[in-house]
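Below: one structure, written as structure tokens.
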Ligand code: 218
């Protein structure tokens, strides 16, 4: 890859990570059940540029939480799992970027949508599995009296993950219908 292209992709990664971070400033109107709106630009970008740049954008998004003081800190390992590993995992949607791109070039909208959705489901699921695990280990004391840590974490993170996925899926449908070249850029 030419150096110019590489720089362009890096700048795009930074821009989409910043966009994700802006959306992270939407207040948690439903406490920890609140969906992660920043997942929208991050998954879209990962599908556009693939795994490597997607993971990088996820890492930048995670790191921006530290810079901007948006980290909920309980312990070192909790923060590592929830703000580094979980956010990097969002880039996993990029695993399917080649299939999405090929499908678009073949004018196969169904296939393009299917792989984009697969990427979104995979990335959001892996991310929220990390939050679920962290929830069981670190957030158990926040569970309502009489509720098990596992069930508490599952309901909280399951709901947030599902809501997040719904918004990402809507965004994928809209962009596929209005601007599918976003997923198959010429350069
Ligand atoms: C049960 C429970 N409560 C809170 C958290 C923390 N958590 C959940 C989802 C997303 C994030 C990252 C910031 O948006 C965090 C820190 C949890 N894992 N489990």
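Cβ coordinates are placed from backbone N, Cα and C, and glycine is handled just like the others.
Positions annotated as transmembrane segment by TrEMBL: 7-26, 32-47, 54-74, 80-100, 112-139, 151-176.
A Cβ distance under 8 Å defines the sequence-distant neighbours of the transmembrane segment (7-26), meaning residues of its chain 6+ beyond its ends; these are 34, 36-42, 44-45, 48-49, 53, 56-58, 60-61, 64-65, 68, 70, 187. Most Cβ pairs under 8 Å to the transmembrane segment (54-74), among the stretches 32-47, 80-100, 112-139, 151-176, belong to 80-100.
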